[in-house]
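Trainee: There's a structure below that I have some questions on.
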Amino acid sequence: MARLLLLLVGVLIACAAGARAGSEFLAEDNPIRQVVDGMHELESSILKAVGNSRRAFSFARFAHRYGKSYESSEEIQKRFQVYSENLRMIRSHNKKGLSYSMGVNEFSDLTWDEFKKHRLGAAQNCSATRRGNHKLTSAILPDSKDWRESGIVSPVKSQGSCGSCWTFSSTGALEAAYAQAFGKGISLSEQQLVDCAGAFNNFGCNGGLPSQAFEYIKYNGGLMTEEAYPYTGHDGECKYSSENAAVQVLDSVNITLGAEDELKHAVALVRPVSVAFEVVDGFRSYNGGVYTSTTCGSDPMDVNHAVLAVGYGVEGGVPYWLIKNSWGADWGDQGYFKMEMGKNMCGVATCASYPVVA
């Protein structure tokens, strides 16, 4: 009898706790309920605008995952159409069994022109690399290299809707050089470069080059930290303070235009190297494998995106560069991609350089 009473008391307590939890969930200020309500509202508005097809449900899940918000039914319909076209391209590509795969990501509701406008910089003539100053040696290079294993590669960042890739490539190289030299990590200011490096033929959110960013830092006297000069993703007035400079550039080293042997030597034996290449439609949907293209160019005026080469290797018999991007850790292979090596693919060795820090 006593056991029965205890069991009944336990059930009543559990029911009371469940009721209390239920009432707490239903409270309007409960953040979980707010998220669920927001998800249902977004899904409802999308399905109302484009119907209840399987593709529509896929689009609704995509919009929720990437925090999309659309102002009107017309905007939903437009984005759904773009998403559907990109999805068809992705599926068609993946059926071909090529060396890399594509997948849906946060850019899948953008047209190619929209993507280019907000994520890529204008083509820059990197004439400084026509005659490089990296010195080759007879040292034997390792078969593969990944500087992440040494702990000097900083976390992947996101440039947002600003063509400031060149600043992230630059800070990535500087952060690696700093960690290598001083044994500790640092996060440096991309925004300072966006706002302040214009006199060195850089154009803020409209593009620039790491080699020119290194020259700016060298002659300007230093670069501040991300904390001291935070990123906004917009062109702004220069707020540099020499008192808060965290790193100085003594010099920069350029890889001879197109010389992948020099680039491999530098990546193997020195540290990560800033590189640039031409992004063509399709690359934005990269999801894994070794990227290759027959439509991208490799001339100095072709390149439109700067990144950071952090290693190299071979996958499925195809040699590749291991490269850190600036489109967030959700893009590609945790923010990284592999690019075919040996053909100066898309100009990967056309505008390459690395800094020497103090």
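Heads up, the Cβ atoms here are built off N, Cα and C, so glycines get one too.
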Trainee: Identify the disulfide partner of Cys196 as annotated in Swiss-Prot; candidates are Cys126, Cys162, Cys238, Cys296.
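Mentor: Going by Swiss-Prot, Cys196 is disulfide-bonded to Cys238.
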Trainee: Taking Swiss-Prot as the reference, Cys346 is linked by a disulphide to which residue in Cys205, Cys296?
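Mentor: Answer per the record: Cys296.
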Trainee: Please work out, from what Swiss-Prot records, which of Cys126, Cys162 forms the disulfide with Cys205.
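Mentor: That record, Swiss-Prot, gives the partner as Cys162.
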Trainee: Cα distance, Cys162 (disulfide bond) to Cys296 (disulfide bond), nearest Å?
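Mentor: Given the Cα positions, Cys296 (disulfide bond) is 22 Å from Cys162 (disulfide bond).
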Trainee: Give me the long-range Cβ neighbours of Cys238 (disulfide bond): same chain, 6+ apart, Cβ under 8 Å, in sequence order.
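Mentor: Non-local contacts for Cys238 (disulfide bond): Gln192, Asp195, Cys196.
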Trainee: Compute the C-alpha separation of Asn325 (active site) from Cys165 (active site), stating it in Å without decimals.
Mentor: 8
